[in-house]
Amino acid sequence: MALKYKLILASGSPRRVDLLNQAGIEPSRLMPMDIDEAPKKSEHPRSLARRLSAEKAEAALAAIKGDITWKGSYILSADTVVAVGRRILGKAEFADEALNSLHLLSGRNHMVYTGVCLVTPDRKVRQKIVETKVRFKRLSGFEIENYLASGQWRGKAGAYGIQGLAGTFVQKMVGSYTNVVGLPLYETILLLTGEGFDVHSRWPEG
């Protein structure tokens, strides 16, 4: 079946691509957007996730302006923020940053917020914000040391990916699992189908 609309994913995250693939969606183009992700003064983590997802979508829209190839396409973006209270735990790039985040998360509840933004072919902007409460077990020094050695914390909000080794740290979770991975699948599909993107016709036949 010829599919009418193209989908640009304004992200380079393999996890978000995998989640879309799980739903039978293959993005037509990946466009990682290099924006300033620093929170504003006193900005709530929820507001940060919402703002950054919108800014990524806006940047992608500006990048394809005038390119007839992508005229009439959908643009999807997302941003995930991990926070303990109002303290935002950024993407860990160095081991000491990851260590600090793990000490904060150990034995505590934290929140994972993902803002999802969709720009439609007629350039309407639709957004959803999804939150999940996660509780880590109390981590031993041995667990932290070995997790740091694995390198799985690199580039991840809060220094962990629930789909990897850190999944063994999760004692309890309330809310969407895919939200913690990086793209709340249920809510994303609702956004797409609500704006005329035919998800189910993309499913493979057996």
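In case you wondered, yes, glycine gets a Cβ from its N, Cα and C as well.
Quick look at what Swiss-Prot lists:
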- Arg15: site 'Important for substrate specificity' (SITE)
- Asp79: active site, proton acceptor (ACT_SITE)
- Thr80: site 'Important for substrate specificity' (SITE)
- Gln163: site 'Important for substrate specificity' (SITE)
Fewest other Cβ within 10 angstroms of its own Cβ, chosen from the recorded sites Thr80, Gln163: Gln163
Proximal but sequence-remote residues of the same chain as Arg15 (site 'Important for substrate specificity') (Cβ under 8 Å, at least 6 apart): Gly161, Gln163, Val181, Gly182, Leu183
Local backbone state of Gln163 (site 'Important for substrate specificity'), from DSSP in three classes: coil
Spatial neighbours of the residue listed as 'active site, proton acceptor' that are distant in sequence (at least 6 apart) but have CB under 8 A: Glu37, Leu48, Ala49, Leu52, Ser53, Lys56, Thr114, Gly115
